[in-house]
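K.L.:
As listed in Swiss-Prot for this protein:
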type	residues	note
BINDING	Cys102, Cys105, His117, Cys121	Zn(2+) binding site
DOMAIN	225-241	domain 'UIM'
REGION	8-30	region 'Disordered'
ZN_FING	37-77	zinc finger
ZN_FING	102-121	zinc finger
Amino acid sequence: MAMFRNLVASSQHRQHHSHQSLATPSSADSLETQFGCPICLEVYYKPVAIGSCGHTFCGECLQPCLQVSSPLCPLCRMPFDPKKVDKASNVDKQLSSYKAPCRGCSKKVTLAKMRAHISSCPKVQEQMANCPKFVPVLPTSQPIPSNIPNRSTFVCPYCGARNLDQQELVKHCMENHRNDPNKVVCPICSAMPWGDPSYKSANFLQHLLHRHKFSYDTFVDYSIDEEAALQAALALSLSEN
């Protein structure tokens, strides 16, 4: 799950009509609230703003909404013109100006670098390792899983870079391994119940871009087979837009 989630959990309820006129934050909490993307719940990355309602999101987070014929704002559900989505330059500038303490090591980091810092902070990794074990909300006759696979972060199959979420993995591979001819195992597919950890994709980058445009965790029932899961995920993803 998003590592910045605990910092900005209430952000989707407290965004102003437009982030283009953000007031100067007075505390770390207000920084976290004002600069948290309502979709991924992490600090903004390449923020963009919807012209009609002014709501701001990470550019990559908003992309799926731009692929449908009648897009709706993910926050207020108002229709908007995809041609009137612009880079939130003022927000981007402030991300490089303001600092907030890391919730792991307390080091003050500019918000523009917060994602990278959290992904490599030993204290944060230690906290994540000590997260409570899975416990059902209500009593159940079903067996409690003892080893739930990590489907939140992945390792680059080319260079071994760790702690990459799905979007970060795609971005990392496109920027660093675009011309790598090696056949590699898709770490996202191999984490699925139906995945084959020994199958190597002949064109991994094309596979990433076409097969992993959405997050399986959001839409998929892992008890069904791969094709049914893919079709269900696509249908639900489109219906939410």
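The backbone N, Cα and C atoms fix where each Cβ goes, and this holds for glycine too.
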K.L.:
Can you tell me how the residues of the zinc finger (102-121) break down into helix, strand and coil by DSSP?
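P.N.:
Going by DSSP assignments, the zinc finger (102-121) contains 10 helix, 3 strand, 7 coil.
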K.L.:
For a three-state summary based on DSSP, what are the helix, strand and coil counts in the zinc finger (37-77)?
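P.N.:
Counts, helix then strand then coil: 9 helix, 9 strand, 23 coil.
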K.L.:
Counting every protein chain present, what is the number of Cβ atoms, excluding its own, within 10 Å of the Cβ of His117 (Zn(2+) binding site)?
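P.N.:
Counting Cβ neighbours of His117 (Zn(2+) binding site) within 10 Å gives 15.
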K.L.:
Check each residue in the chain of Cys105 (Zn(2+) binding site) that is at least six apart in sequence and keep those whose C-beta is under 8 Å from its C-beta; list them in sequence order.
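P.N.:
Set apart from Cys105 (Zn(2+) binding site) by at least 6 residues yet with Cβ under 8 Å, we have Cys121, Pro122, Lys123, Val124.
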K.L.:
In this structure, which of the binding-site residues Cys102, Cys121 has the fewest other Cβ atoms within 10 Å of its Cβ?
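P.N.:
Selected from the binding-site residues Cys102, Cys121 on minimum Cβ neighbours within 10 Å: Cys102.
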K.L.:
For the zinc finger (102-121), report the average pLDDT of the model, please.
P.N.:
86
